[in-house]
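A.B. asks: Structure in structure tokens, see below.
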Ligand SMILES: NC(=O)c1ccc[n+]([C@@H]2O[C@H](COP(=O)([O-])OP(=O)(O)OC[C@H]3O[C@@H](n4cnc5c(N)ncnc54)[C@H](O)[C@@H]3O)[C@@H](O)[C@H]2O)c1
Ligand SMILES: O=C(O)C1=N[C@H](C(=O)O)CCC1
């Protein structure tokens with residue numbers, strides 16, 4: 001039998017982290033090696049309510065964690081600042097990161113790409129692990145060949161730290177592969193309340209809605225004379241992301257560079 005993939009999860013007590021702990025525990029080919037938390041140093045995960053039977057160590061320092069856990073893969077589901085530090089530290093310790101955390105800057109993505117290349121290590125940074133969201137992005141990229149005007153509305157729960165969402169930024173980047181930079185709307189338009197027209201990405205507008213009750217949702221609306229095309233995706237729970245996390249862990253073991261977005265690794 002092949003050896004199990006040894007996994008560290010950063011952010012195990014978070015909304016996504018809890019789902020990831022369950023995924024790793026239930027997958028025969030995966031083994032939870034340790035977790036990185038912002039507290040509970042020196043305890044076992046099983047000491048925390050809700051993680052019965054999971055006798056793996058908790059570390060607060062990522063370098064210590066990777067030195068002691070003999071891990072193959074890091075799954076990071078934390079915050080933009082910590083996620084970047086964890087990803088960099090994992091690569092420095094020859095551990096392959098699978099990162100769902102959003103909000104990294106383009107400079108940070110470039111730096112991590114160079115580090116993965118230099119180490120010859122796989123790394124996957126995926127703004128969205130849900131297959132439907134990846135298809136929404138791909139369909140939007142296709143539609144952009146035929147429509148010059150597009151606006152993105154992303155809607156998330158009100159505990160989200162970053163705006164616009166990682167998915168909205170990735171969608172805009174993919175659309176821009178097939179779209180010339182264009183200022184949209186009336187050439188003389190003025191905002192009477194700042195922010196009314198949303199964020200500006202090469203002239204496309206991105207609008208961020210934050211409300212309790214939501215999970216993760218996006219509409220990409222294309223407009224042309226007499227018609228609109230709306231491409232829409234909804235995640236109603238966080239289990240919707242877990243098949244993408246599983247494929248990413250399996251795939252990252254065979255990569256030797258950083259991949260940003262799951263669209264390029266799905267058939
Ligand atoms: N890629 C995707 O498909 C996808 C899906 C959902 C969420 N996300 C992203 O995942 C991230 C987490 O989302 P969430 O809803 O689970 O957030 P959350 O607030 O529920 O969880 C974040 C976790 O990070 C932990 N954390 C904070 N600082 C830390 C530190 N110093 N060391 C270790 N852990 C630390 C917190 O304790 C918490 O458990 C966000 O960036 C979000 O945008 C991505
Ligand atoms: O819950 C979140 O936060 C999510 N963030 C991702 C993003 O920023 O695109 C997507 C899924 C949910």
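Glycine residues also receive a Cβ, built from the backbone N, Cα and C atoms like all the rest.
Automatic prediction, not curation, is the source of TrEMBL annotations.
So TrEMBL lists these for the protein:
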ACT_SITE  156  active site, proton donor/acceptor
ACT_SITE  160  active site, proton donor
BINDING   11, 12, 13, 14, 15, 16, 37, 100, 101, 102, 126, 127, 128, 129  NAD(+) binding site
BINDING   38  NADP(+) binding site
BINDING   157, 166, 167  (S)-2,3,4,5-tetrahydrodipicolinate binding site
DOMAIN    5-129  domain 'Dihydrodipicolinate reductase N-terminal'
DOMAIN    132-266  domain 'Dihydrodipicolinate reductase C-terminal'
A.B. asks: Can you go through the recorded positions 156, 157, 167 and pick out those with a C-beta less than 6 angstroms from ligand 1?
C.D. replies: none
A.B. asks: What does DSSP assign the residue listed as 'active site, proton donor/acceptor', in three states?
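C.D. replies: In three-state terms, the residue listed as 'active site, proton donor/acceptor' counts as strand.
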A.B. asks: Based on Cα coordinates, which of the following binding-site residues are within 10 Å of residue 126 (NAD(+) binding site): 157, 166, 167?
C.D. replies: 166, 167
A.B. asks: Record lists 11, 12, 13, 14, 15, 16, 37, 100, 101, 102, 126, 127, 128, 129 as binding NAD(+); longest Cα-Cα distance in Å?
C.D. replies: 22
A.B. asks: Spatially speaking, which of the binding-site residues 15, 37, 38 is closest to residue 156 (active site, proton donor/acceptor)? Use C-alpha to C-alpha, please.
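C.D. replies: Looking at Cα distances from residue 156 (active site, proton donor/acceptor), the smallest one goes to 15.
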A.B. asks: Which binding-site residues from the set 13, 15, 37, 38, 101 have a C-beta atom lying less than 6 Å away from ligand 2?
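C.D. replies: So the answer is none.
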A.B. asks: Check the Cα-Cα distances from residue 101 (NAD(+) binding site) to the recorded positions 157, 160, 166 and tell me which is shortest.
C.D. replies: 166
A.B. asks: So how many of the residues in the domain 'Dihydrodipicolinate reductase C-terminal' (132-266) end up helix, strand or coil by DSSP?
C.D. replies: 41 helix, 39 strand, 55 coil
A.B. asks: Other residues with Cβ within 8 Å of the Cβ centroid of 157, 166, 167 at the (S)-2,3,4,5-tetrahydrodipicolinate site?
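C.D. replies: Counting only non-site residues, the set is 102, 127, 128, 154, 156, 160, 162, 165, 168, 216.
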A.B. asks: Can you check which residue among the recorded positions 13, 38, 156 has the largest number of Cβ atoms within 10 Å of its own?
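C.D. replies: The largest 10 Å Cβ neighbour count belongs to 156.
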A.B. asks: Please list the DSSP helix, strand and coil residue counts for the domain 'Dihydrodipicolinate reductase N-terminal' (5-129).
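C.D. replies: Grouping H, G, I as helix and E, B as strand yields 50 helix, 28 strand, 47 coil.
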A.B. asks: I'd like to know the mean pLDDT over the domain 'Dihydrodipicolinate reductase N-terminal' (5-129).
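C.D. replies: Averaged over the domain 'Dihydrodipicolinate reductase N-terminal' (5-129), the predicted model reaches a pLDDT of 98.
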